[in-house]
Amino acid sequence: MKMYYDSDADMSLLRDKTFAVIGYGSQGHAHAQNLRDSGCKVVVGQRPGGENYELAKQHGFEPMSAAEAAKVADVIIILLPDQVQGEVYKNDIAPNLQPGNVLLFAHGFNIHYGQIRPPKDVDVVMVAPKGPGHLVRRVYTEGAGVPCLFAVYQDSTGSARDFALAYAKGIGGTRSGVLETSFREETETDLFGEQAVLCGGLTKLVQSGFETLVEAGYQPEIAYFECLHEMKLIVDLIYEGGMANMRHSISDTAEYGDFTRGPRIVTDETKAEMKRCLEEIQDGRFAREFILENQAGQASLFAMRARSAEHPIETVGARLRDMMSWLKK
Ligand code: NAD
Ligand code: MG
Ligand code: MG
Ligand code: MG
Ligand code: MG
Ligand code: MG
């Protein structure tokens, strides 16, 4: 697989274009400011009334409605929550698209699952930073970049691919390297990663370990440290040098326990269930469920959020983190 760097991208493709960043949230504030610092003309589409509207003003933008922003722009960057993109696209963006415009996404959900169906005469590309928006901004100001994926869904101008690479450079991605993918691959692997490993798998693993210790009579504070707090330290070692690097740093006792007990925790049955989760992503069942959930006003999401906020791991954790002077900075 080829990694693309600064020298592979031609920023002159961004010149003379007006960029509309729609949604000044986690990704939006980073894309808008990085692009502007890279010399691009940027307008922000953010509805008034919220803190992100004020933030955009503080950062020197004059936020306008999504429709106005889409109207004046050549490149429309859709950085709204995935569940509202379809509506905003239909009502505000589609009526203001001109032939030759570029629609740019940071995640493929709405295109891949057909919630946004652009006309044939615009380019549709993706530049997806592989990290949270706040890092995309901070790392850029430090002279580096967050790695990105890029993809072309529709190339009407003939320059969609080069444009996506140039955009990745504009937000700093090519400073650390960008990889090419497709909308389908990005969407399916992103959903799978967050469900099975990064978010769903991780939180359930940590919570189950915590509960096991507490139910056996150990102090919840000790359980919190063992099962949650230390997670970051272990993950940092894996991030820096792979599993072997982490295993090098831990005791032989820990390493022997890792090899012999780990496979009893994440079993063949777990992997079979991962495959079922992946199938539900691939055949659209997860997307359908999430779209219907949003049509129901996120009833389940609100209930699940409230319930998990009450779990002892959260209440104990909040108390402990209050006492950790180094976290307060
Ligand atoms: P966000 O929720 O942080 O920000 C969305 C912004 O849109 C907010 O400013 C909100 O006020 C505004 N908004 C919400 N509803 C609106 C409406 N109806 N009309 C107008 N504005 C509205 O979103 P985000 O996490 O930055 O995600 C944006 C996109 O980036 C998504 O496609 C997401 O999958 C993708 N992405 C996010 C991350 C991340 O780190 N958060 C990483 C990679 C890709
Ligand atoms: Mg969230
Ligand atoms: Mg992801
Ligand atoms: Mg995601
Ligand atoms: Mg230990
Ligand atoms: Mg060791």
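Any Cβ shown, glycine's included, is placed from N, Cα and C.
Keep in mind that TrEMBL annotations are predicted by a computer and have not been checked by a curator.
Noted in TrEMBL for the protein shown:
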- 1-181: domain 'KARI N-terminal Rossmann' (DOMAIN)
- Tyr24, Gly25, Ser26, Gln27, Arg47, Gly133: NADP(+) binding site (BINDING)
- His107: active site (ACT_SITE)
- 182-327: domain 'KARI C-terminal knotted' (DOMAIN)
- Asp190, Glu226, Glu230: Mg(2+) 2 binding site (BINDING)
- Asp190, Glu194: Mg(2+) 1 binding site (BINDING)
- Ser251: substrate binding site (BINDING)
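Mapped onto DSSP helix, strand and coil, the domain 'KARI C-terminal knotted' (182-327) counts 128 helix, 0 strand, 18 coil.
In this structure, the CA atom of Glu194 (Mg(2+) 1 binding site) is 16 Å away from the CA atom of Gly133 (NADP(+) binding site). The C-beta environment of Tyr24 (NADP(+) binding site), restricted to residues of the same chain at least 6 apart in sequence and closer than 8 Å, consists of Ala32, Val44, Gln46, Asn52, Tyr53, Leu55, Ala56, Phe61, Pro63, Leu79.
Screening the binding-site residues Tyr24, Gly25, Asp190 for a C-beta under 6 A from any atom of ligand 1 leaves Tyr24, Gly25. Within 10 Å of the Cα of His107 (active site), not one of the binding-site residues from the list Gly25, Ser26, Arg47, Glu226, Glu230 places its own Cα. Residues Tyr24, Gly25, Ser26, Gln27, Arg47, Gly133 are the ones the record ties to NADP(+), and the longest Cα gap between any two of them is 19 Å. The binding-site residues in question are Ser26, Gln27, Ser251, and the one with the fewest Cβ neighbours inside 10 Å is Ser251.
The Cβ of Gly25 (NADP(+) binding site) has 16 other Cβ atoms within 10 Å, all protein chains considered. Nearest Cα neighbour of Glu226 (Mg(2+) 2 binding site) among the listed binding-site residues (Gly25, Gln27, Ser251): Ser251. Once Cβ contacts within 10 Å are tallied over all protein chains shown, the binding-site residues Asp190, Glu194, Glu226, Glu230 are led by Asp190.
Among the binding-site residues listed (Gly25, Gln27, Gly133, Glu194), Glu194 have a CB atom closer than 6 Å to some atom of ligand 4, in sequence order. If you take the Cα of Glu230 (Mg(2+) 2 binding site) and the Cα of Arg47 (NADP(+) binding site), they are about 40 angstrom apart, rounded to a whole number. Among the listed recorded positions, namely Arg47, His107, the Cβ with the most fellow Cβ atoms inside 10 Å is that of His107. The residue listed as 'active site' falls outside any helix or strand according to DSSP and counts as coil.
A simple way to gauge crowding: the CB of Gly133 (NADP(+) binding site) has 18 other CB atoms within 10 angstroms, across all the protein chains here.
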